[in-house]
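Undergrad: Positions annotated as domain 'SMP-30/Gluconolactonase/LRE-like region' by TrEMBL: 16-263. Annotated divalent metal cation binding site per TrEMBL: GLU18, ASN154, ASP204, in sequence order. Marked as substrate binding site by TrEMBL: ARG101, ASN103, GLU121. Annotated active site, proton donor/acceptor per TrEMBL: ASP204, in sequence order.
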Amino acid sequence: MSDIKIECVVNEGYRLGESPVWDERAAALLYVDIAGRSVCRWSPHGGAAQAVPVDAPVSSVALRKSGDYVITLGTRFAALKWKEQLVTTLTEVDKDKPNNRFNDGKVDPAGRYFAGTMAEEIRPAVLERKQGSLYTLSSDLSVVKNFDQVDISNGLDWSLDHKTFFYIDSLSYSVDAFDYDLQTGKIGNRRSVYKLGKEESIPDGMCIDTEGKLWVACYDGGRVIRLDPETGKRLQTVKLPVDKTTSCCFGGKDYSEMYVTTASDGMDKEWLSRQPQAGGVFKITGLGVKGIPPYPFAG
């Protein structure tokens with residue numbers, strides 16, 4: 001594994017980088033800065049990262065079949081026209097919880113946008129518990145609440161045969177699996193497939209590779225770990241030069257590069273001086289596995 005290379009490709013010191021997703025059409029990496037209220041796009045073919053400012057914490061971004069993007073913004077599902085920098089609300093959730101916001105989100109193989117909510121943090125990972133829910137936005141813009149009582153709704157992905165949905169509620173320190181019905185989008189039979197150890201810290205964003213193994217970014221753990229959801233074993237640990245690793249995705253021409261977002265919020269001057277790349281976006285090459293292209297929202 002000595003040929004693994006880690007480089008900081010965007011050193012912008014984002015407050016809370018999240019939700020990386022590869023946009024093949026633009027040959028670029030999309031991601032958000034939740035606390036910085038911006039949707040960002042970076043191309044490996046030169047130039048600085050671009051950003052579209054928005055009016056609320058923006059926690060996830062996804063491709064849209066008809067072009068451009070969909071985002072989770074505050075407690076809204078919204079559409080984003082990149083060139084025009086135009087945001088249009090599609091629908092809103094958690095209207096009875098003014099202190100809530102969306103967190104991570106991802107599109108399933110049938111084109112539904114899954115995203116969950118949480119209470120606003122007092123400081124990183126400190127918040128009112130059990131305030132969040134996991135929602136699904138369908139192509140007709142109807143919304144289903146899958147379940148509630150969530151602390152920090154986080155990483156999500158689907159097995160290669162589309163029969164299992166993987167999900168992380170961060171403060172449970174567990175990666176969970178559900179039976180998944182692709183026709184209806186219904187989930188059930190929740191169980192834990194991996195419990196994180198103390199040194200791994202808090203499970204955050206997640207993605208799957210072409211071998212069906214899960215990669216989980218460990219917030220405050222400074223690493224991404226590769227898990228086998230069948231055996232519940234950790235297969236690999238890749239350490240990064242910053243502590244607050246938030247999410248990961250595969251991208252690049254053949255989806256063999258891993259991109260990892262990170263955060264700088266909650267770090268004091270001394271900590272930041274030790275980790276000057278905190279809040280940067282990292283590229284990992286030489287992992288020897290590839291990812292699968294992201295699914296676009298069908299609506």
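Backbone N, Cα and C atoms are what each Cβ position is placed from, and that goes for glycine too.
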Undergrad: What is the nearest of the binding-site residues ARG101, ASN103, GLU121 to ASP204 (divalent metal cation binding site), using the Cα of each?
TA: ASN103
Undergrad: Let me know how many other Cβ atoms fall within 10 Å of the Cβ of GLU18 (divalent metal cation binding site).
TA: 27
Undergrad: About how far apart, in whole Å, are the alpha carbons (Cα) of ASN103 (substrate binding site) and ASN154 (divalent metal cation binding site)?
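TA: Cα-Cα distance, ASN103 (substrate binding site) to ASN154 (divalent metal cation binding site): 6 Å.
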Undergrad: Quick check on the binding-site residues: of GLU121, ASP204, whose CB has the lowest count of neighbouring CB atoms inside 10 Å?
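TA: Among the binding-site residues GLU121, ASP204, the lowest count of other Cβ atoms within 10 Å belongs to GLU121.
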Undergrad: In sequence order, which residues at least six apart in the same chain have a CB under 8 Å from the CB of ASN154 (divalent metal cation binding site)?
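TA: When sequence neighbours closer than 6 are ignored, ASN154 (divalent metal cation binding site) has ASN103, ASP104, GLY116, TYR167, ILE168, ASP169, SER170, PRO203, ASP204, GLY205, MET206 within Cβ distance under 8 Å.
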Undergrad: What is the biggest Cα to Cα gap, in Å, among ARG101, ASN103, GLU121, the residues listed as binding substrate?
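TA: Spelled out: the longest distance between any two Cα atoms in ARG101, ASN103, GLU121 is 11 Å.
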Undergrad: Where ARG101 (substrate binding site) and GLU18 (divalent metal cation binding site) are concerned, what is their Cα separation in Å, rounded?
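TA: Here the two Cα atoms lie 14 Å apart.
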Undergrad: About how far apart, in whole Å, are the alpha carbons (Cα) of GLU121 (substrate binding site) and GLU18 (divalent metal cation binding site)?
TA: 15
Undergrad: Least buried of the binding-site residues ARG101, ASN103, going by other Cβ atoms within 10 Å?
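TA: Sparsest of the binding-site residues ARG101, ASN103 by Cβ contacts within 10 Å: ARG101.
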Undergrad: Can you give the mean pLDDT for the domain 'SMP-30/Gluconolactonase/LRE-like region' (16-263), rounded to a whole number?
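TA: Mean pLDDT for the domain 'SMP-30/Gluconolactonase/LRE-like region' (16-263): 97.
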Undergrad: Would you list, in sequence order, the residues of this chain other than GLU18, ASN154, ASP204 that have their CB within 8 A of the centroid of the site's CB atoms, where the site is the one recorded for divalent metal cation?
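TA: Same chain, not in GLU18, ASN154, ASP204, Cβ within 8 Å: SER19, ASN103, ASP104, ILE152, GLY155, ILE168, SER170, GLY205, ALA217, TYR219, THR246, SER247.
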